[in-house]
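K.L.:
Below: one structure in C-alpha cells.
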Amino acid sequence: CTVIFTRLATRDLHKPISILFCNLAVSDLFTSFSGFWISMLFITNPDITIFGSRDMLAPYALYTTSILSTIYNLVSIGIERYLAVAESMRTRFRVARNHSIAVVFISWVLAFFLGCLPLMGWNCLRAEGSASLLYSPFCVNYLIFIAIPNVALAFLVPLFTYLRIIIILRKRKLRMQACGQATGTYKSAETQVARTSISIWLLALVSYAPFVASVVFDATNRRCHADLYPGVYIFRNCTAMLITITCLGNPLLYTLRLRTLGAKLKALRCPSAARGRACTI
C-alpha cells in the first residue's frame, strides 16, 4: 500500500517503469488478500480446504490470478530494464507510458482468463478421479497447465534480460577502459544490477520452486487424503506462506529504498513548494 500511495501521489514517479512497479504492488496486494481469504477458510472449516468444495473455487481462482499477474509483472519489469539499458542496439525501442499501460492491461486480462478457467468449468467438482489432492477442487491437469509454463517463464526471461544487462554494462566498461576513461559509474551499475538479479532469482526460487514441487507431487501421487494428512498439507501451507513472503520481498527489491521513500513521504506532507524543498533536503 505504501508503494501504491507514493507512486500515485508523487508526480516525478509517473514514468513507464513506475507504472509497472505500481501494478506489481497491486498484484502483491491481491495475493495477500486472497491468501488471507484462504487462510480464514482453513481456520473456520479446514475440511473444505483438504477435501475440496465449491466454496474454494473463488478464493483459489483469485489467488491464481494474482500470482499470474505478479509473474507477468516481474517479466515485464525485466524486459523494460533491458530495453532501457540496451542503448547500443541498432533499433532501440523506447518504452513509453502508453506501452506500460498496455502491458498492464494485457497482463491482467491474461491473468484473469487463465486464473478463472476453473470458474468457467475446468474444475473437478464432479470428476473426483482427476482432482488435485492438495488444491481440490482444481484438476491436476489444470495445475500443470498453469504452473509449469508460467514458472518457467518467471525463471527464464529474467535470466536472459538481467544477464544481457550485465553483459552490456561490462562491454561499455571495457570500451571506456580502452579509451582511458573512468569506469566507476559502470562498475557500480554492474555491481548493483548483479546483486539485484541474484536477489530476484533467490526470491523467485524460494517462493515458487516449492509450489512447482507440490504440483509435480500432486500429479505423480495417487494416494488418498488420509494417507497424506497432515504432513503434505503442512507443506502446502508453507508454500502459500513463501508466496506471500514474496509480496514483502518485491517492494524491497524494486521500489522501497528507505531513504528515498522517507524523503518522498516527508515531501508529501509539506503543503508549500518551499516546505517541499526543505522536506526533500
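Keep in mind that glycine also has a Cβ here, set from the backbone N, Cα and C atoms.
What you see is a predicted model, and the numbers here were worked out from it, not measured in a lab.
Annotation source TrEMBL lists domain 'G-protein coupled receptors family 1 profile' at 1-254. The transmembrane segment annotation in TrEMBL covers 17-40, 60-79, 100-122, 142-167, 198-217, 233-256.
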K.L.:
Cβ pairs under 8 Å with the transmembrane segment (142-167): which stretch of 60-79, 100-122, 233-256 has the most?
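P.N.:
Of the candidates 60-79, 100-122, 233-256, 60-79 scores highest.
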K.L.:
At a Cβ cut-off of 8 Å, and with pairs 6 or more apart in sequence only, do we get at least 3 pairs between the transmembrane segment (100-122) and the transmembrane segment (198-217), yes or no?
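P.N.:
Checked: the transmembrane segment (100-122) vs the transmembrane segment (198-217), no contact.
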K.L.:
For the domain 'G-protein coupled receptors family 1 profile' (1-254), provide the mean pLDDT of the predicted model.
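P.N.:
Per the prediction, mean pLDDT sits at 79 for the domain 'G-protein coupled receptors family 1 profile' (1-254).
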K.L.:
Would you mind listing the long-range same-chain contacts of the transmembrane segment (233-256), meaning Cβ under 8 Å and 6+ residues beyond its ends?
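P.N.:
Apart from its flanks, the transmembrane segment (233-256) reaches 2-3, 7, 21, 24-25, 28-29, 31-32, 35, 38-39, 42, 50, 67, 70, 74, 77, 134-135, 196, 199-200, 203-204, 206-208, 210-211, 214.
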